[in-house]
Amino acid sequence: MEDQEKRQSNPLQPSMSPQSSHEEEKYPEGGVRAWLCVFGSFMGLVGSLGLINSIGTFQAYLESHQLKEYSSGKTGWIFGLFTFLTFFGGIQVGPIFDARGPRVLVCIGSILVMGMMISIGFCKTFYQFLLSIGVAGGLGTSLIFTPALSALGHFFFEKRGLATGIAAGGGSIGGVIFPLVLQSLFDKVGFAWATRVIALICLISLAIGCLLITSRLPTKPLSRETISPDLRIFRDPKFALTTASVFFIEWGLFIPISYISSYALAQGLPARISYQLLAILNAGSFFGRLLPGYFADRFGRFNTLIITVALCLICNCCFWLPAKDNLPLLIVYCCLFGFSSGSNISLTPVCIGQLCKTENYGRYYATAYTIVSISTLTGVPIAGEILSRCNGDYWGLITFTICCYAAGLMCAVGVKILHCGYGRPWEKF
């Protein structure tokens, strides 16, 4: 009786295990509305996550033009703030999504992203870029990113990995298109007009996202209880270890994305090739978001995450670290790391959703990524500072990336052991 009263007083504490509650809930697992939501999320992430996946192009250009007097460590704070606010904003965006749905959030986020892309062409100083890209872009992307992925959890459970992988692939497509467009236009029309062309592409994709990203569950009135984060959920050791794993994974993820173009330039490769390497990496990540999502639904979300994180670790150790100016090896690295790291974005929300009930998914996701956002804020600046301390030699930066993935892999394996024990390594989870 006492336990029942406690459960009623704490709506976040499920009265049954998340797995059993999922089995009792009925999900459409398809239908026109569900797949239109997937397409809307895909397009919304083209115009938001696609920009994050292109930060290497922006950073490489700004460091050699408008911000050439600043070190890599300092310019890294612009893009670190961009990714930080994208994830940190989820602490409020997720619970509001749970209460009121995605439509208003995505529309406001789209306005902020468009404001960033229009204003960036007029920026001249470090602080102007910090406000435009870091603040406006980060907040806008957060308002799109969290609802776009969370909405899919309302329509899919058995196919959630596949649906999330397809939607997250929008960020990869944007990450392929934007660097190639920018690389071809920088010399022809200049930085300002090149970014305005990107703004037009974002306008079209975000408009489609605003129309199609919807919620299946009824809205709830806004109250302190429905919109406040709850750190008590970290009492669940599996959730705490999952958050730690994602923290370390994201700490390492954005370093190659941010520095692969600069790395190629530093090795004496042509600028055209340097920007294309980022596009190749993002092309690999498209398939890395789609295929692991498909296999995750069949063999287990955490199982698939562990395998892909291990591949990320191997890629950085065996391909990027010894690459130097070896262009074929760099291309192989971008393809393989792009593929294996694609799951870093698409599988982590699905793994978090496996640990909670659907109506609390936005809050669980937001609370986890509030902690994870600290790694996205500090990862790129730390890498830039390491680069400066190593006198422009990239071995220290790459070693830091390797350590991040090693720690993330150990935490993910820890979650698997907590759930399955030591004697059942092949159990679906």
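Even glycines carry a Cβ here, placed using N, Cα and C.
Just so you know, TrEMBL annotations never went through curation; they're auto-generated.
Per TrEMBL, these features apply:
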type	residues	note
COMPBIAS	9-20	compositional bias 'Polar residues'
DOMAIN	33-429	domain 'Major facilitator superfamily (MFS) profile'
REGION	1-25	region 'Disordered'
TRANSMEM	34-56	transmembrane segment
TRANSMEM	76-97	transmembrane segment
TRANSMEM	104-122	transmembrane segment
TRANSMEM	128-149	transmembrane segment
TRANSMEM	161-181	transmembrane segment
TRANSMEM	193-218	transmembrane segment
TRANSMEM	239-261	transmembrane segment
TRANSMEM	273-292	transmembrane segment
TRANSMEM	304-323	transmembrane segment
TRANSMEM	329-352	transmembrane segment
TRANSMEM	364-382	transmembrane segment
TRANSMEM	394-418	transmembrane segment
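Among 34-56, 104-122, 239-261, 329-352, 394-418, 34-56 has the largest number of CB pairs under 8 A with the transmembrane segment (193-218). Mean per-residue pLDDT, taken over the domain 'Major facilitator superfamily (MFS) profile' (33-429), amounts to 88. Residues 237-238, 241-242, 244-249, 251-252, 255-256, 259, 263, 266, 302-303, 305-306, 309-310, 312-313, 316-317, 320-321, 379, 382-383, 386-387, 425, 429 of the same chain lie 6 or more positions beyond the ends of the transmembrane segment (394-418) yet place their CB under 8 Å from a CB of it. Put simply, of 34-56, 76-97, 273-292, 304-323, 364-382, the stretch with the most CB pairs closer than 8 A to the transmembrane segment (161-181) is 34-56. Among the stretches 34-56, 104-122, 128-149, the one making the largest number of Cβ pairs under 8 Å with the transmembrane segment (239-261) is 34-56. As a quick check, the transmembrane segment (128-149) and the transmembrane segment (304-323) miss the bar of 3 or more Cβ pairs under 8 A, pairs 6 or more apart, so the two do not touch.
Highest Cβ contact count with the transmembrane segment (364-382) among the listed stretches 34-56, 76-97, 104-122 falls to 76-97 (criterion: pairs under 8 Å). If one looks beyond the transmembrane segment (34-56) by at least 6 residues along the same chain, the residues whose Cβ comes under 8 Å of a Cβ in the stretch are 28, 79, 82-83, 86, 106, 109-110, 113, 117, 137, 140-141, 144-145, 148-149, 151-152, 155-156, 163, 166-175, 177-179, 182, 198, 201-206, 208-214, 254, 257-262, 278, 282, 285, 345.
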